[in-house]
Structure formats: C-alpha cells, structure tokens
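Q: Right, I'll just put the structure down here and ask away after.
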Amino acid sequence: MSSSRPVALVTGANKGIGFAITRDLCRKFSGDVVLAARDEERGQTAVQKLQAEGLSPRFHQLDIDNPQSIRALRDFLLKEYGGLDVLVNNAGIAFKVNDDTPFHIQAEVTMKTNFFGTRDVCKELLPLIKPQGRVVNVSSMVSLRALKNCRLELQQKFRSETITEEELVGLMNKFVEDTKKGVHAEEGWPNSAYGVTKIGVTVLSRILARKLNEQRRGDKILLNACCPGWVRTDMAGPKATKSPEEGAETPVYLALLPPDAEGPHGQFVQDKKVEPW
C-alpha cells in the first residue's frame, strides 16, 4: 500500500554536499526525505547524525554503478510512495589532482559513475516523477571550463539544442576511447576527465528537460543541472571557499521551486542564477 506522502530522494548523501542537501530538505520539504548512499553503514551513520539533530530522514542503499541497486530503489519508491516528487542526483566521484592512476583509467572510472550512473538513475526514476516534480542534477562549473577547452566542433555539438541522448552517449564513449589510445588532446578534448563527465551531466539535463517538454508538457516538472560552487568536501579539499551548507543552497532552491514556477527548466544554474551554457 503506497502512501500519498510526498517524497524527496538525494543520492550520494552520506557526506559532503549530499548530506547538507539532505539536512536542508529534512527541514524545508513537507514530506519524507530518503538519504541514499552506496555504503549501508555510512548511510545509517549519516541518518543517525540527522536524527540527533531532531530530523527524520529514511535510508535506502543505492550504488548508481549497479543497475540492480537502482531498480531496488525504484521498486521501494513505487511500493512506499507510488512515485517520487524530488530527485537530487548528487552521487559522483573525482580523482585527486595528484593521483597517479593512468589518465585513461581515471577517464573510464569517472565516466562510469558520473555520467552513465547518473543517466541510469534518470532512466529508472524519471518515469516515477509526479506532476510538479523537481529533478536536480549536481554538475559543476568545471563542466563550463572543460567545455571552453574543447575543440570548437565539440563545443558546438555540446551546445546544440537538437543533440540526442544517443549522440551524447557516443561522444562520452569516444572521450574514454580517445584517452585509451592516447589521442584525446589531438581529438580536441580537454585534460579534465571530471570536467568532461560533468559536460555530460549538464548536456544530459538539457536533453531530458526537452524530452519532458515533449512527453509530459502538462505535468510542470522542472529539471535542471547546477553547480554547488567550490565546496569544502573530501572531493575538493579544505581550501575551497564554501561550506557544504552553502553548497547545498542552489540544489535545494531548485528542488523546492514553487508548484506554479515556470522555470528554470533545462538550465545550468549557479548561485540561484541561470548561467549561459
């Protein structure tokens, strides 16, 4: 028996920006908030931390690299809630700048999670999004920087209003293949594997927003990519300028856009403002 209670889900939520987004949604969202994390133990510890603050998130395991794990979460949401109101795709990985893992392996591993994992979550969970639902894909300003460092022909493809999901997948796979062959620089790619994966997330968001316009126009679902800023997390390190709480502001703003909001939709948003892509 599914409850009609609204529900919000945050992925990669056991620490950093994801944890801060979950905390803020627990305070502001009128419904249940599901904290999803790959590691059950760390996820439960994060839930206990929030419970100690008087908040009551629910936990569900989610490894976005594992299609079975995504489907288990989908089934849970359908059974318990009959759908999903807010989806925040925050889970992602990055290698440290000084990591000596070969670049092609960094490219493959980062792409698998940041782009393909996020895409798989969208594939399974977007059909569950209820009318006036909100979807937020956490991208990065690094994607904009990486875009500007791509060869012009690649930039034009990534900025195209008509690029298809299949074409985008082809380009993401080509980047990984080019790194394996050691030709990514001469093929016009930038030197940031993380940056290219986040170009993928931003462009995927534009494509999915367009699909929602075509297939579910009357449902007023808003889907955006955003940059939380340079945030002090395990990923970005201690020198970053924003706290995780400050990093959560834009994702939470997009997750809680009022029901009558016309936009933003299909945009790249930073500091609550639409950035030109």
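Numbers run from 1 along the shown chain.
Each residue, glycine too, has its Cβ placed from N, Cα and C.
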Q: Where does the phosphoserine label fall among S30, S143, S205, going by Swiss-Prot?
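A: When Swiss-Prot is consulted, phosphoserine appears for S30.
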Q: Between Y194 (glutathione binding site) and A20 (NADP(+) binding site), what is the CA-CA distance rounded to a whole number of Å?
A: 22
Q: Within a 10 Å radius around the Cβ, which one of these binding-site residues has the most neighbouring Cβ atoms: Q106, S140?
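A: Within the set of binding-site residues, the most crowded position is S140.
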Q: In the three-state scheme derived from DSSP, which category covers V10 (NADP(+) binding site)?
A: strand
Q: How big is the glutathione site in terms of the longest C-alpha to C-alpha distance among F95, K96, V97, Q106, A193, Y194, in angstrom?
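A: Looking at F95, K96, V97, Q106, A193, Y194 as a set, their Cα atoms extend up to 11 Å apart.
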Q: Tell me which of the binding-site residues F95, V97, V196 ends up closest to S140 (substrate binding site) in space, Cα to Cα.
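A: Given the candidates F95, V97, V196, the nearest one is V196.
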Q: Within 8 Å of the centroid of the Cβ atoms of F95, K96, V97, Q106, A193, Y194, which other residues of that chain place their own Cβ, given that this set defines the recorded glutathione site?
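A: Near the glutathione site, beyond F95, K96, V97, Q106, A193, Y194, sit A94, D99, T101, T110, S192.
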